[in-house]
Amino acid sequence: MAGSGHENGAVSIRPADNLAVFEVSKKPKKNKFALGCAMLASLTSMLLGYDIGVMSGAIIFIKKDLKISDVQIEILVGVLNLYCLVGSIVAGNIADWIGRRYTIVLANVIIFVGSLFMGFSVNYAFLMVGRFIAGIGVGFAIMGAVLYNAEISPASSRGFLTSFPEVCINVGILLGYVSNYAFSKLPTRIGWRLMLGAGATPSIFLVFAVLAMPESPRWLVMQGKLGEAKVVLEKTLDTKEEALLRLNDIKEAAGIPQDSTGDVVVVQKQTNSNGVWRELLLHPTPTVKHILICTVGIHFFQQSSGVDAVVLYSPRIFEKAGITSSNEQLLTTVAVGICKTIFILVATFLLDKSGRRALLLISTGGMVVSLATLGFSLTIINHSEAKLTWAIALCITMVLSFVAFFAIGMGPIAGIYTSEIFPLKFRAQGISLGVAVNRVTSGIIAMTFLSLYQAITIGGAFFLFAGIAAVGWLFFNICLPETRGKTLEETERLFGNLVGWREVDKKMKEDNTKGTTHGQEGSDG
């Protein structure tokens, strides 16, 4: 069985692993080819960000033009995430069938069609059809980009490269906010249609750009194309030695004998996708069960802490804070997009230096404080008849603080972490499951936020989000091991004991240190 040594939860350290760690730590320089591939794969994620950003402003004009209710607005905004669920689950199987690269190409084609439908919508029903099509494409895009980037990235910069989809999402959000402000000057019936339809243009160019990328080496090995996989690994990893070691690790995980060295080999028929899902969800080993808990937890808390409520409904939040002009609301929202983009760029350089856990805990702690203070300022404004300038300023500051803390840790780490921890056999399905949990939770928040704050006040809603984020901080601190600098195959060994993983991590570090020391003594001799 593929990767059986990893899946039974046993911890074993091989000399090859020590050498791999030594090579990675010796040469952490960024690989330009891997960088280019990761950037191209991630650009499709920008279209999700654009949709999120542009919808926050477009709903102001859609509500006026189509004369729809707040409930219909909630459904329109949030339903794309639920459609994304279907796309992400299907994409896990598609990625194993046609490859990671063509999955991203297919995502762009679907998003192109969905954007055209939304841009030419004549009524609410037609607009909902466009949302369905675009949502399927977004599910393909997120799953494909995260999976591809994890599989072409060297361990020394995997956090940096795997964070690119989140970077592109944030750039897309900013572009959506700018598009809102630019097209808001046009007549209402034209402006919002151009806002939504503009998302179709990048898809055309991205289809051809993605075709220039090589296929994922892990997928190539799964198809028995060892020669092609070796070429890609030598281009994307830091050294040829690391490429050979990684190839051997992937062959072992895929159930290919190490003495199979031909360019093309016959691979034992893999378990069908239904069998993989059954083994993943119904009969998981202790290792896989720990991984599943971490995956579901990190994606749930990322979205249930209210980030989409802030990003999608920021004009409404600023209205409740006392900013009455729609023009000023949209301008302030652009500032939110700029802040979020700046801090996600900062995060890309910290992920491989500071580690996942440290950034995640700092990020979540900052979010708790920001959300609680935002709830406090909105409550003060809500109970005051006079205009409180200091409370309005505090509200804006806390929104900016919240998106900054989210972007520097929680935002990129959810996708990175999920892509690092699943065994090869379950990786595509595991990532698609993470995306599904993420999008469903996001959809629920987006589809209920207006009703929620009307029921418990807008300040109360953010106090609720602060409480959820606080629980998330405790979960991350207890259950999530550090994965920085470890190969994907080594990372699997950290899991299997939900609260005792620290002992395993300590033993791995001791064994790696001993292996490196012995290697140096041998060379001295």
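Note that Cβ sites are derived from N, Cα and C of the backbone, with glycine treated the same way.
Listed in TrEMBL:
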- 33-61: transmembrane segment (TRANSMEM)
- 37-484: domain 'Major facilitator superfamily (MFS) profile' (DOMAIN)
- 73-95: transmembrane segment (TRANSMEM)
- 101-122: transmembrane segment (TRANSMEM)
- 129-148: transmembrane segment (TRANSMEM)
- 160-178: transmembrane segment (TRANSMEM)
- 190-213: transmembrane segment (TRANSMEM)
- 330-351: transmembrane segment (TRANSMEM)
- 358-382: transmembrane segment (TRANSMEM)
- 388-418: transmembrane segment (TRANSMEM)
- 430-450: transmembrane segment (TRANSMEM)
- 456-476: transmembrane segment (TRANSMEM)
Exercise. Any residues 6+ beyond the ends of the transmembrane segment (388-418) with a Cβ under 8 Å from its own?
Worked result: 142, 146, 150, 158-159, 162-163, 165-167, 170, 294-295, 298-299, 301-302, 305, 307, 310-311, 314, 317-318, 321-323, 332, 335-336, 339-344, 346-348, 350-351, 356, 359-367, 369-371, 373-374, 377-378, 380-381, 430-431, 434, 438, 480, 483
Problem set entry | Which of 73-95, 101-122, 129-148, 430-450 contacts the transmembrane segment (160-178) most, counting Cβ pairs under 8 Å | 129-148
Seminar exercise, completed: Contact count check, CB pairs under 8 angstroms to the transmembrane segment (430-450), set 73-95, 129-148, 330-351, 358-382, 456-476; argmax is 73-95
For this session: Would you kindly list the residues that approach the transmembrane segment (33-61) from elsewhere in its chain, counting only those six or more residues past its ends and only Cβ-Cβ distances under 8 Å?
Result: 73, 76-77, 80, 100-101, 104, 107-108, 111, 115, 134, 137-138, 141-142, 144-145, 148-149, 152-154, 157, 161-162, 164-177, 179-181, 184, 188, 191-192, 195-196, 198-199, 202-203, 206, 209-210, 212-214, 235-237, 308, 311-315, 326, 330, 333, 337
Problem set entry | Same-chain residues near the transmembrane segment (101-122), Cβ under 8 Å, at least 6 residues beyond its ends | 41, 44, 47, 87, 91, 94-95, 129-138, 140-141, 143-145, 148, 193-194, 196-200, 203-204, 206-207, 210-211, 213-216
